[in-house]
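Everything below concerns the one structure shown next.
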């Protein structure tokens, strides 16, 4: 297989974890005979320094012409006083790509379950599917005076249907359960959300559907996270709940994410920030970035075997006791990456010997 991938290293630790992603992709090429054209483009703060814009037209054009986009990290205090904020580039990139579904898997490795703030953390394995383009962040009118401020929460039927369909498609390949989170006891938008969700569910008779109000869902994520398989919710609720859920893994350096469009390339990135305090020190945890690569291989390219090989190698290295400082170890970004690559190679040799 031959694919073109645009690499947006971005800011802070972004270039370091992006290098890990590239090395893992090169290992996949070598072990499985694929070829990936990796194209570096400027994005975020570094793009502001060079062009005055966080998302140059050249970068967006390259992303639109690609098969997938990998993003390292964006932002940092260096640009706090800048006319353009690096984070604006991320919003513009999402809009330019037309991505509407943010997918965040939340899993806890048995080797790192002790880092989670919860007991029985090794039972956690669910996915949050968040709608990205509608809701209160993007609805109008928005206005503010000294005395009153107004935001508008609007959802159209087609926006709800496509995000809920995405969740059901994902659940049909997992444990076959969708939890839809809303505030249908108060909000008209949530009432429509629930109606449309019920209609979509009829097309997936083998997938269980449950509805939970957002306040109860926030409690259940802490009290009983093992009950969830695929969570689907609107933009604001998803923003809050996905961040709450990410804490369960014990480190932001562990979790990947994907943002999908109806057509065109998807965007893959770790959920952690740019971590400017450790940038350039070879201390960043590359796991979330490598898992983002694994998601890309499976979800955009259909290379499920190759994506699983990366995940299995990461798990094996963690079980061996090797990990970076954020999860209690002494490995560097580069040494952990090398350990994962070596494990991938060894597992491939074992597989061929069977």
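Glycine is treated like the rest: Cβ placed from N, Cα and C.
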Q) Per Swiss-Prot, which one of 58, 78, 130, 194 shares the substrate site with 94, 104, 215? A) 130
(Q) Restricting to the recorded positions 80, 137, 273, 281, which ones have a CA within 10 Å of the CA of residue 130 (substrate binding site)? (A) none
Q) Between the binding-site residues 76, 273, where is the Cβ count within 10 Å the lowest? A) 273
Q: Out of 94, 104, 130, 183, 281, give me whichever of these recorded positions has the highest number of other Cβ atoms within 10 Å.
A: 130
Q) For residue 285 (NAD(+) binding site), what residues in its own chain, 6 or more apart in sequence, show a Cβ-Cβ distance under 8 Å? A) 17, 251, 253, 254, 272, 323, 324, 326, 327, 333, 336
Q: Other than 215, 239, 243, which residues of the same chain sit close to Mg(2+)? List them in sequence order, counting a residue when its Cβ is within 8 Å of the Cβ centroid of the site.
A: 214, 218, 236, 237, 238, 240, 241, 242, 244
Q. Looking only at 80, 84, 243, the binding-site residues on record, which one has the least crowded Cβ, with the fewest other Cβ atoms within 10 Å?
A. 80
Q: Counting Cβ neighbours within 10 Å across all chains shown, tell me which of the binding-site residues 215, 239, 277 comes out on top.
A: 239
